[in-house]
Structures are given as structure tokens and as C-alpha cells.
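Visitor: I have a structure I would like to understand better, so I am pasting it below and will then ask my questions one at a time.
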């Protein structure tokens, strides 16, 4: 009869583990003790941990600390994790020890058991590779987990967030160019203002994204400073003095990111300023995206009783009771996820500010929030671009209608008749329901020819 469990042992003694699982005793204890909510350790962080463990094995081999066979087996097991072959082996909750120790040990146990099998051994008692002595050699959760946090964050920013941001910015720049000839009324304080082109308005959105991109890129160098080599409290106890630099060099070579060993390991363990700063850049991007999405849905409001200056793609029915209704759903999704990012920033900052002495113990929260924000923003920008911006069109007739009705075109008269007379024309037109031209002639402040020559919206942009 096939056994469904096997016995694994740690310093607390034996514990039953599912026979098919690659994890060991400490992972099993964490599963038992932290049955909290449904948030699991982010997959991006798991992959980063695997990359870090592979680099550590290679560095230890290079330093003569780990024999070739074990190092190759650990690296091979890590490669399997990176290939997605063991996704189910990392079941731990985000809400665990604040150092991430249990997830570090989860990775150590999985790699040790799988490396043992790759060497022809078994998993569990009698394994050929030890999770602490071999996989975790020269390391502590206190330096390895924050190292993985930085690797995951920098990787997601480079590979997911920035490409999505770039594509959305280019899509908006394309629309700005396409609508460069569409003169429309501007709005400030939600009231009519002087004209601009729709292209100019959209160019502002694109420029907001460009500024946000600058902020995100400025944060990358700090994320590339790694804690590895600091071990328990930053002194580097029980590791080779060159270990941190060796690991960082391997990670840099494999990723194309300029990873390097942090100059001060005490700060790297006890504080998380790089992630606070980087998430601040994500918050900046979220603020810009929320403004852009709100502008788009307001300009598309209607279709008959709103502004109606933009037409958006009709992707799905909008109401379960009102037939034919179509809503700006992509904008709504974007604004919701931006709210989540702003909330993530507050929680992340509180966590980063709450370290004590030589260690911050809010690391899983910080990692979870950062990676969720990066994921939300990247996916949200892709969705907004594909299902909204690319198909967005200008309602030229409606724009012209609203332009003709606006009282703020009177601003063009200021240099010719002065502010007070121009204001009197606007108030007269509003009070009597007439056009500006009719009001100007009624008050006798200028001739019809002068009005037609001076009030030209296309000359006001």
C-alpha cells in the first residue's frame, strides 16, 4: 500500500508531510500555524528566490564551499522551479513570520529534496543535500529574503511594468497626433475655459506617463542593491567576505540588471527605503493613470446627455436592466486598481517604518504589496490600451457644437476691448441665452466684423 505521508524532521522533532510533496518539516509547520486568509507568497518572489538560491550555489562552488555535484544539483532543481515544474510546492501564506524565514526554508527544503533526487538519492530523511547546510550555505533568511524582494521588484519593473507603460504612452501619443486638428473647449474647475486641441489635451496625458516613467526608472538603481552577504544582522557572520559580491555578479549576469552587493548590509536588512522609494514611483504612476482614466470617461460621458466628446469601444453590455447601455468599464477597472495601489503604498510605508533594531519584520507584506501593485499597473495599462485607447475616437460634431456654445471664447477679446467689457458680453449672453456674437453686438462694444476677426477658436490654441 502506498504511503500518503512521510516523516520529516527539524529541530522541533518529526512531523508528517504529504509523501508527494517536496517541501519538508518547516514548511509543514507553517501550513499548520498560519492558516490566514488566501494570499500566498507572490509567484514573482518565489521565482526570485529560486534565482537567488541558484546564484548562491554557484557562488559557493566558486569559493570552494560546496562540491561540484551538489552545486549542480541545487542549480538544476532551481531551474526546474523557474521552469514552472514545481509551482504547487510553495503553498505558504504571506501572513507568516515577518522575515520571510518560512518561505526561505520552503525553498531550501524543496531544492534540497529535488537536488537529492537528481543526485540519485531520495527526498526526506537520508537526503543527499541538506536544506540548511547546503542550500542555505552562507546565508540567512534575513539577507536572502530581502535580496529576493529586490530581485523580484527590479525584474517586474523592467520586464513587465516599463514595457506596458511604454506601449500605453505611445498609444496616447498616436492619438494626440491623430486629433491634432480637433479644436475643442478646455475645462478648468469643471467649468468651460479657453480652447485647445484634443491632441494637446491627450499629449498632456502622454507627458504625465513620461514623467511617471522617469520616476520609475530613477528607482531601479536602488532596487539593484542586494542584502546578500549580510547574513543574520548585517555583519556577514558565517559567510565568505566575497560571497555577497559573487552572488550579485551572477544575478546581474543572468538577468541583465546591474545587481551589486549593498554597501551597508545593516541598512539592507533593517530598512526598506529602496522599496518605499520605488513604490512611491508606482504611486506616482497610479495617480497619473487615475487622472487619465477619469478624463477619458468624463469626455465619453453620455452618449446623449453628457459631454460626449469621445467615443469608446463598446466591449460588453453595461446594464442588467437598461437595454443598450454601454459603460466605460476599462476606465472603471483602471481607477479601481489605482485605488488599490495607493492603499498598498500606505501599508507598505507603514511596514517599512516599523522595523526594529537590526531587522525589519514586515518583509512579506512589503513584497506582496509592491509586486501586486506592479502587476496591477502593468496588466491595467495593457487592458486600457488594448480595449479602450486604441479604439478611442473623437466625436467631431459634438466637439464643434460645445465649442460654439462656450462663453469662454470671449477671452480672445481681452486684448482688444479689455477684461471688463469682455466679461459684460459673457454675462449678457449667459443671462439672455444668446451667443457671444449677439451679446457683443447688443452691447455695442464691437462690430460684427471685429468679432469675427478676433474670436477665432483655431487661433486660440
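Keep in mind that glycine also has a Cβ here, set from the backbone N, Cα and C atoms.
Keep in mind that this is a model prediction, so the values were computed, not measured.
As annotated in Swiss-Prot:
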BINDING   99-101, 127, 130-133, 140-142, 188, 320, 325-327  substrate binding site
ACT_SITE  189  active site, proton donor/acceptor
ACT_SITE  319  active site
SITE      332  site 'Important for catalytic activity'
Visitor: Recorded positions 132, 142, 189, 326: which have a Cα within 10 Å of residue 319 (active site)?
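Guide: Those close enough are 326.
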Visitor: Of these recorded positions, 130, 189, which scores lowest on Cβ atoms within 10 Å?
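Guide: Candidates: the recorded positions 130, 189. Fewest Cβ atoms within 10 Å: 189.
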Visitor: Run through the Cβ atoms and count how many others sit within 10 Å of the one on residue 332 (site 'Important for catalytic activity').
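Guide: Excluding its own Cβ, the number within 10 Å is 13.
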Visitor: In whole Å, how far does the CA atom of residue 132 (substrate binding site) lie from that of residue 189 (active site, proton donor/acceptor)?
Guide: 62
Visitor: Round to a whole number and give the Cα-to-Cα distance in Å for the pair residue 332 (site 'Important for catalytic activity') and residue 326 (substrate binding site).
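Guide: Approximately 12 Å lies between the Cα of residue 332 (site 'Important for catalytic activity') and that of residue 326 (substrate binding site).
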Visitor: Among the binding-site residues listed here (99, 101, 132, 140, 320), identify the one with the smallest other-Cβ count within 10 Å.
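Guide: Minimum Cβ neighbour count within 10 Å, taken over the binding-site residues 99, 101, 132, 140, 320, occurs at 320.
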Visitor: Does anything in the same chain, at least 6 positions from residue 326 (substrate binding site), have a Cβ under 8 Å from its Cβ, and if so what?
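Guide: Sequence-distant Cβ neighbours: 314, 315, 316, 317, 318.
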Visitor: Which of these recorded positions has the least crowded Cβ, counting other Cβ atoms within 10 Å: 142, 319?
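Guide: Among the recorded positions 142, 319, the sparsest Cβ neighbourhood within 10 Å belongs to 319.
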Visitor: Would you mind reading off the Cα separation of residue 189 (active site, proton donor/acceptor) from residue 142 (substrate binding site), to the nearest angstrom?
Guide: 50
